[in-house]
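Enquirer: A single structure is presented below for examination.
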């Protein structure tokens, strides 16, 4: 069954053009929303058209692209290090536990980068491709638009070890979540609660859900915060000792739509993973009022989400002469030049 985008495909060109013009009216000291206004004015059209096309056959891709951006930014900043494949110099972040056999959408990013290299050679960084893709993915799924500051450059290395420690776990308590966010500079409760709202669409594997269904914290009992009816439903999808890679919707009501239903689910004991439910079920937590607010006020949620996304997108960006503009998001440019010198062939990478 295909995807019917909440914004029609025919309106995509006009929509992205209007977004680009709006972005041109904004500015930022290091990163600027109008960074590609003259050098690659088609960047939003190219990325947006590819996402629309992918959504027709893969309704998960919007959430997957947003997650890629999140996982990139939490590891040494938004520098596209998550997109690099293994090399002789470093191990890929794709092999890290939070990403292995889980992170997806790399081929879609490749498709975007290939198209952009044809239209605007060596101009748009992979970090900005991923940032723009996450923005448009949210927009096409019913969420807000925001002026994305641009001008990031790409890392020339990956950080496997850091990816294993910096990314929040689905089994984290609220205290652990707060520390993980604060460690990267996102220290406001609204950062944590709003960005967690990215789980309003997409899916998770049973392996990240099963422990709280059968043996929560070694009690041989389910997580007491789970709604009993929801527990029965989840056990049917994720049987004990079953296939851990089976996918379950984060949001049982509107699984492919970016909306405030996620927060209503938390209030009803229907958060899919432990780290989500912790936002509402931790006694006395300062996150509870925010969950209550966002569950009843779309404007408040969207505003907080936009603010948090911009803050996250500004984490330790490489700018100016730092890093590089990768020609291929999977490899650093020096490797491409080496292969050209040795073989005269780049397409095999």
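For all residues, glycine too, the Cβ spot is worked out from N, Cα and C.
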Enquirer: Swiss-Prot has 251, 254, 259 down as binding Ca(2+) 2; which of 200, 210, 219, 319 does it also list for that site?
Expert: 200
Enquirer: Filter the recorded positions 72, 206, 238 down to those whose C-alpha lies within 10 angstroms of the C-alpha of residue 78 (disulfide bond); answer none if the list is empty.
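Expert: Near residue 78 (disulfide bond) by Cα: 72.
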Enquirer: Ten-angstrom check, please: count other Cβ atoms within 10 Å of the Cβ of residue 120 (disulfide bond), all chains counted.
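Expert: Around the Cβ of residue 120 (disulfide bond), 16 other Cβ atoms lie within 10 Å.
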Enquirer: Can you give me the residues near the recorded Ca(2+) 1 site, meaning same chain, not 72, 75, 77, 79, 81 themselves, Cβ no more than 8 Å from the center of the site's Cβ atoms?
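Expert: Near the Ca(2+) 1 site, beyond 72, 75, 77, 79, 81, sit 73, 74, 76, 78, 80, 82, 127, 155, 159, 316.
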Enquirer: Using all protein chains shown, find which of the disulfide-bonded residues 73, 238, 329 scores highest when you count other CB atoms within 10 A of its CB.
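Expert: Counting every other Cβ within 10 Å of each candidate, the maximum falls on 73.
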Enquirer: Do me a favour and check the Cα-Cα span between residue 120 (disulfide bond) and residue 72 (Ca(2+) 1 binding site); whole Å is fine.
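Expert: Rounded to a whole number, the Cα-Cα distance is 24 Å.
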Enquirer: For residue 81 (Ca(2+) 1 binding site) and residue 238 (disulfide bond), determine the Cα separation and express it in whole Å.
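Expert: Rounded to a whole number, the Cα-Cα distance is 33 Å.
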